[in-house]
Amino acid sequence: EVTKPETINYRTLKPEMDGLFCEKIFGPSKDWECHCGKYKRVRHRGIVCERCGVEVTESRVRRHRMGYIKLAAPVSHVWYLKGIPSYVAILLDIPLRDVEQIVYFNCYVVLDVGDHKDLKYKQLLTEDEWLEIEDEVYAEDSTIENEPVVGIGAEALKQLLEDLDLNQIAEELREEITNSKGQKRAKLIKRIRVIDNFLATNAK
């Protein structure tokens, strides 16, 4: 986890520990050399320095090792949103343009219909439509006890993804694939491949 905004120490010109270029997280900046200099050269390959916690390996590992930061609010990663195919759209079974409407705060999405008869789960609503529904729900003569819940932005997508039961969806898709043909079958196969990868790696 990256916990500091610093990049490089201006005195030593070495990456700051726990910063954006941290050697402990991403790997050494020089081949076969730890941060503190205790271990140098290839003979120490694979050793993790007990003093600075940096693994003695090639510096090129920095190109693919990834860290993470904790944010105040969820955001969607552009690789999974805009990539081809869009994994978020495939998992949620929602068209990419609708997913973008939610992420970019253009539309609300229904997370729970409550007692409202005209709403559907994952339905998109404009701000005006949601204001109308709110007026209806909170009217004095309203018969709605369980209020509908809507969300917007990446936080709403996070909630939709958390609501997915991947094992159950995989089972249903396998049954559906046996009775499907053509383009529909290809779409279902694409979706089950993504779900199977999540299940195989136990990703969350």
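Keep in mind that glycine also has a Cβ here, set from the backbone N, Cα and C atoms.
Annotated Zn(2+) binding site per Swiss-Prot: Cys34, Cys36, Cys49, Cys52, in sequence order. Of all Cβ atoms in the protein chains displayed, 16 besides its own lie within 10 Å of the Cβ of Cys52 (Zn(2+) binding site).
For the recorded Zn(2+) site, residues Cys34, Cys36, Cys49, Cys52 set the reference point as the centre of their Cβ atoms, and the other residues of that chain within 8 Å of it by Cβ are His35, Gly37, Lys38, Tyr39, Arg51, Gly53, Val54. Each of the binding-site residues Cys34, Cys36, Cys49 was assessed for Cβ neighbours inside 10 Å, and the highest tally belongs to Cys34.
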